[in-house]
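Working notes for the structure below.
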Amino acid sequence: AQIRYSIPEELTRGAFVGNIAKDLGTDVAKLAAANLQVLSDSDSQYFSVNVNTGVIMVSERIDREQLCGQNPRCFLHLKLAIENPVEFYRIEVEILDINDNPPEFPGDEVSLRIYELASLGARFPIQPAQDPDVGTNTLQTYHLSANENFNLNVKARTDGGKFPELVLERALDRELRAFHHLVLTAEDGGSPPQSSKTHITIQVLDANDNHPVFDRPSYGARLVENSPLGTLVVKLNATDVDEGPNGDIRYSLSSHNSAALRQIFAIDEQTGEIRVQGNLDFEEATVYEIEVEAKDMGSPTMEEHCSVVVEITDVNDNAPEVILTSFSSSLSEDAPPGTVVAVIHVRDRDSGEQGKVQCHVSPDLPFQLRKDYEHQYSLLTSTRLDREHVAYYNVTVSALDLGSPPLSRHTILPIALADVNDNAPQFEHESYEVLVAENNPVGSVLVTVSAADPDSEQNSRLSYSILRAGGTDPGLDPTRYLSIHPTSGQVSAKFPFDYEQTTYLQFHVEVSDGGSPALRNRTLVHVFVVDQNDNAPQVHFPRAGEDSATQFRISPSTTPPALITKVVAIDADSGRNAWLSYHLVEATVPGLFSVALRSGEIRITRALQETDASAHELLVVVQDAGEPPLSTAVTLVVLVEEKGPEALQGSEAQAADSGGLPTITLYLIVSLVLISTVSLVGLAALGVRCL
């Protein structure tokens, strides 16, 4: 949208310019909430806006003549920026001229020397008055005081300037009157009009009665800007019919020309050649009007004036300019496509096609340019952004004009992406398997779980915790046995493990980041407790007190290999730690009895003799296969007595009591084999997984 206001210059600070809320049809509260800002194309901030009322006011003194000089129209361009969503409105404020400057002559007095033989109609230019105002407020007319010999002619230039000339209407007679005193008044068109005066003193001279004459009243030339120094503009030609010094002509630039023009052009006083001696810039002036005078060398000197109009042709000598009206160097990575990153204003001081500018950015970047209107572009995101993929962009905005050859300018916009918590932590492994020996020290580290989060700063700060895994025995609460360091992920034991109570434990470790909201992930940890030889064998048969031995009776007629009894022991450990062996350590009569290494059966090895003792004490040691091995000893007393049937029955009863023992042993052996097999398979699988 574009709004235009008109105000006179020299308004006081705080003067009302317009109500932007009313003109846009927008509620004032909405403008205040949208962070309304006034952006000016000029270096000074001439206007301000009251966000509470929507009124634009003058904030600095505005001098139209200082801003725009003699341009007929003077504008100040503003932009109103509104956020959420981003909108821009162009405002043109036209500065109207007021009649605050009167016309001013270069001096209070002007002296002219005119020959008495000057022909009627001769013209004598007077330095014009200058009025910095424009339009009707600028210089409009001149008035000459009443006299008999001169009339006033006002010469209008192509740029609107007015130059007074005295025109000789009646022949002069020095002998009648040697001096003429006139008053020239310059008046502008303001209301009320302002004026100034200069006094003209004319001295009438005698003799040289012919002035130089140019072959044409005006000359024209065309040059390209940046023409090299010394370039010929035009060669003037003036003639004087007088002879001798009165006909010798010298050329010069008139005093009417400005000092700036005199620095750009120079004239050869002998040949009348006008050449370039300064820089020609189309952007500063498109046309120059040079006032030239030709003077003869008579006494007094006579002169003639003509004008040379020089048109400047534009060339593409100005690269485009890129101005950042609005720019944010930090952008959230979750910004949706179409988010405005920067507002760019481009301009080229050249004209025509050479002043038209096209902008573009690299298609390989996730950004694009949108042309809002002439000379303004918006830099937008074109796709989704990912800080973890690319965290920083250097976006090069290239501005290219349509000149031949084209000129360009490149501006680099550094854009950093701000992190959002869009990545959950990831463990190094989906699950962990840990082997831990029972009776481990309290506080020992069992395993260290590790996770990574590609986010940054607070969003990547991880915290670990232990959760019960599904399918776990409800009585085995992992937090009872284990603890985890919240930042390092080290899992430690609170108590020693007992294989005989717990052989396996599984639990979840959850990791959460520090984002808001936090993102989480889990991994499953399997803890296998490895058995240690920490249990000695326990003798279940025969049962005896701590200080007593179990007695068995046999008949003297017992023959080998009769079974006397069987020692039955069980080890609470598993695997090799539960493999038992039986050893006869001491006997009253060595070699009379033997113990089976694996079954524990005690048999007589030879027939009893009369010389053998009637009581035999046997010390049997039960030892496991652990490292180091643990053992238990049992003492048996075998009595040799003639009991007859009772003794036989006692033997049969003992045999009956021990009849179930081979089955128990078989079960123990099968259990040990199965446990060992499962352990070996588990260890092999763990080794393969680790490899």
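For all residues, glycine too, the Cβ spot is worked out from N, Cα and C.
Look at TrEMBL and you will find 6-105, 129-214, 215-322, 323-427, 428-539, 546-664 tagged as domain 'Cadherin'. Look at TrEMBL and you will find 664-688 tagged as transmembrane segment.
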- Establish whether the number of Cβ pairs under 8 Å between the domain 'Cadherin' (6-105) and the domain 'Cadherin' (323-427) reaches at least three, counting only pairs separated by 6 or more residues. yes
- Note on the structure: For the transmembrane segment (664-688), the distant same-chain contacts (Cβ-Cβ under 8 Å, at least six residues beyond its ends) come to 433, 435, 528, 568, 570, 574-576, 578-579, 598-599
- Query: Mind checking how the domain 'Cadherin' (129-214) divides into helix, strand and coil residues in DSSP?
  - Reply: 3 helix, 44 strand, 39 coil
- Within the domain 'Cadherin' (428-539), how many residues are helix, strand or coil going by DSSP? 8 helix, 48 strand, 56 coil
- DSSP helix/strand/coil residue counts for the domain 'Cadherin' (6-105): 16 helix, 38 strand, 46 coil
- Message: Counting by DSSP secondary structure, give me helix, strand and coil numbers for the domain 'Cadherin' (215-322).
- Response: 10 helix, 48 strand, 50 coil
